[in-house]
Amino acid sequence: MSKQNGYSTLDKVGVFATLALTLSVLVISPAVFNVTFVDSNWWLLGLGSAGVLLGGLRYFASAVKELRSRRTGQYVLGSLALLLLSGYSVWQSLVDWQHDAWYQAVSVASLLAIGDWFFHGLVSRIQNAVPDFQSLVPEFADLIDGKEISRIRASELEIGAIVLVRPGASVPADGVVVQGQSDVDESAITGESIPVHKSEGMPIYAGTFNASAKKSNKALTIRITAVGGDLLVKSAQRAVSGLVSERAAVDELSKKLTFGLFILTIAVALIGSGLWLALAPTELGKAVFCASAVLLAANLSIVSNVSSLVNTLMAAVAGSGGILVRTRTALYRLRKSHIVVLNLVGTLTAGEPKLVEIHLAKGTSLGSADEVLAIAAAADANSNHLLARLMNATAKDRNLTEPTLYEIERIATGVSARIDGSSVLVGSAATLTQNNVPIDVQDLVKVADANSKGNSVVYVVIDYLLVGYLEFKDEVRETAREAVNSLHLQRKRVISISGEAEGVVAGVCASLGIVEYFAEVLQDRKLDIIDRLRQDGSIITVVGDAFADAQTLAAADVAIALGVGGELGTQSADVLVISDEPRAVSRIMQLAARSNRTVNSSLVLVTILNVLGVSAAGFYPMPIASAGLVLASTLFAGNTIWRLRK
């Protein structure tokens, strides 16, 4: 039988039937309306017993499960209270011939059933808030086979297959665009509402959809690169599910609080009922009512589940924004993080450099700027660096013949090689300083001017003489300033570490409000800087490109990788951001802080309500004690959703 909110149709019928029985008992109860008729006591016995059994059925079954698993919680206490009340009511009906307990017993059974339904509904709604990435993948795909297009199931696609994604259609698998251009809506995966323009050679992911108007004819032809469990949506689902199911230290705190409140409740119930029996031995009913009220006043379900429920909702909020947190330990460290280290290229800048100009150095042995580009492209032919790929693409566009280099070797500052018996160096400014390469004042002025504009410079050296240099422009991200300001408002110490030239880093940081930075830093020195920053006990969060900054990310206390895209399953960073949006860093830090505050405030709130409720339970009617369960669940739900979604 299908279930909704953890309750089947039969369970819901049972709740309403319990309410009907409760109303019936209230109507014929002498203690409520002073109604009596022939055999009314037997009617009360029958209807009351049926109401208690029907309303308490789930409670009794759940209590047995708790005891079998050696856990003590809400269901054990509620079942004890119901057993006490119903047992006393049966004794009154059969022995004492009094009828003032059945209406309380069935009222409590009804309120427990309603409270349990409400709590399971709350749990179900929070769990359903977790994004179902897999449901984004369409059932069918349009497969291109030669000149024919056939409709097949998306699950039957294979790597290398060519598919057509028409305007308004969803992408059936991860791939790369081989023909066409269009705007693609990735909001369901990345959380970014603005569609991304896709053209030939760009990656595209299952679950996104072609956002162009149907009449525009802007279809995309895609070559499939990943299927099945390797899809981005599948990796994202595994990451979210893993975080939801993970248990952490705060769960142990919840368990200890639950056990402590259980012992306190039992103790108060025994003491309260014992005092009634000692001071008024004839008032057995008062002792039973006191013990039952105390047992009903404690809401241990919320206490024991607060951490996992908050964590689930947090994972839902983060996941819907394209932010995937691997571990709850990472959340804790994010909240405690003192320093946020931001890489420059690809994090604060767009990571899409453009070749602005090629300069011939004064006194160069080369005859043209194209020769400078050809040598630089040949040296970096096998590199995955952004600038290397750009130089090779530009050389190809210009139909340049690249010279044959040999003994190509990757060095800390760039690349070294040999050509026609001469040594070749291609790299950053550190290439000149470390190899004592002289540079003319005229060239220094040009380089300084380029740096002042935020432009990077790559130098080409032959036989330890500067022959030329290439100038690149990488725009600062429009959202970077907002991200940095948000981190400052969270009282984080923001630092940028980059291998770029001093002038470039200084200019970018000044425009973004970052006062601390390290420029012209080689990879091994980046790790030394992070270790030095950590010496005073600071927790370091490093933000960078998932691939280019892998070593730096590995040295962090918390690593946030931006732009993981379809390589989600291969990343080891603590926090994975599908897009390359820097604002995601401040968002996840805010969410981590709110998550922690929500757990703490909810634990404190519910614990205070439990202690107060248990302490005062003997002084108010049992239905009010039972209603306190619903009140505590409502307050918890309101506090959780308000804090995490505000």
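Keep in mind that glycine also has a Cβ here, set from the backbone N, Cα and C atoms.
Note that TrEMBL annotation is computational and uncurated.
Among the ranges 73-95, 372-394, the one that TrEMBL lists as transmembrane segment is 73-95. The domain 'P-type ATPase A' (136-237): residue composition by secondary structure is 20 helix, 41 strand, 41 coil, according to DSSP.
Packing against the transmembrane segment (42-61) from elsewhere in the chain are residues 11, 14-15, 17-18, 21-22, 24-25, 28-29, 75, 78-79, 82, 85-86, 89-90, 93-94, 99, 102-103, 105-106, 109-110, 112-113, 116: each is 6 or more residues past its ends and has a CB under 8 Å from a CB in it.
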